[in-house]
């Protein structure tokens, strides 16, 4: 029995990055051998075990063979006869197909270290094209390692295009797709993930609503970058620079989907794109079974981001409706994330990255002004039910009128 450290742990050590998760592969052992040594079985599709002391995962060396469509369409074979090289060749990229023994000796049959030094993401074998999930994984690695100057090998990008055109991406489950998408959006440069999907043809298969934004012009006076797709990439980039959570990044990606529906005759204006885009945002949310918090914020940002930009122009009554829509009294954090998404939208324009966004503080102040209105005096006056709700709304409106008069010249 030989045990090797494999995959990301080896890659990240060679890159000089912190190693967080360690994967182990065991060569020359059977399930019975592992059980005798106290390892606990946890794998369902193939033999994976937990170490009796560290709880780290140890997998028996295995081969795989394509047997159907999609990510799950594989037959796995694990036995003591499977070699380390056979196990490594089934992996996606050469930089992930290296192994180290207990003495730190490197096994690198597919030149992963050479590609790591050359900053190239390259597939290990033609079997890469058998697993559609690898399109998303490579795009995610491109986003993660963009700061190191990594690029995708042309032949690998070709296989990604082949997979995108095959229709197999549609066989991916919502859960698997969302897991990759959400992880990619939280990388340091998530816009690279979307750009790669666009370049290889996967974006039009997975999110045609986002793909449709590329080539759609916007008014140059407000959007020097002009292209809506380029704008969305910039907004997403800003959301990562400012280290916003997944909810904000997802909303940034989807906020302008309505512009993809604007008739060409109306370009570059996009009247009412906030409302026309809502059904598209809803469709994308449902397609990937997106978590509720991400769904809600994406819809709210899609509907109200123009309100955010025009905050200082809004009538107090419209401002109150905006606050009510966000349930700002009970869910202040959601409104704060809305403000963040609006600010990223404003900064995601060429030349506007460092511009101030006074709307942010104005909206925060408005929310605070409305929150300071107490219901207790109204209860003491005997208001109940609908009358109480109406009276509370009127008091908040008064507070917002005062707030606007004090803050807008």
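Any Cβ shown, glycine's included, is placed from N, Cα and C.
Here is what Swiss-Prot says about this protein:
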- 8, 11, 91, 137, 140: CTP binding site (BINDING)
- 8, 11, 91, 137, 140: ATP binding site (BINDING)
- 21, 23: Mg(2+) binding site (BINDING)
- 228-329: domain 'HD' (DOMAIN)
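Checking each of the binding-site residues (8, 11, 91, 137, 140) against residue 21 (Mg(2+) binding site), the C-alpha distance stays within 10 Å for 8. When the domain 'HD' (228-329) is classified with DSSP, helix, strand and coil residues number 76 helix, 0 strand, 26 coil. Within 10 Å of the C-beta atom of residue 23 (Mg(2+) binding site) sit 18 other C-beta atoms, taking all shown protein chains into account. Taken residue by residue with DSSP, residue 23 (Mg(2+) binding site) is part of a strand. Residues 8, 11, 91, 137, 140 are the ones the record ties to ATP, and the longest Cα gap between any two of them is 15 Å. Cα of residue 137 (CTP binding site) to Cα of residue 23 (Mg(2+) binding site): a span of 17 Å. Of the listed binding-site residues, namely 11, 91, 137, 140, the sparsest Cβ surroundings within 10 Å are found at 137. Proximity of residue 8 (CTP binding site) to non-local residues of its own chain (separation of 6 or more, Cβ distance below 8 Å) is seen for 19, 21, 23, 96, given in sequence order. Other residues of the chain with a Cβ within 8 Å of the Cβ centroid of 8, 11, 91, 137, 140, the ATP site, are 7, 92, 93, 95, 96, 141.
In the three-state DSSP scheme, residue 8 (CTP binding site) falls into the helix class.
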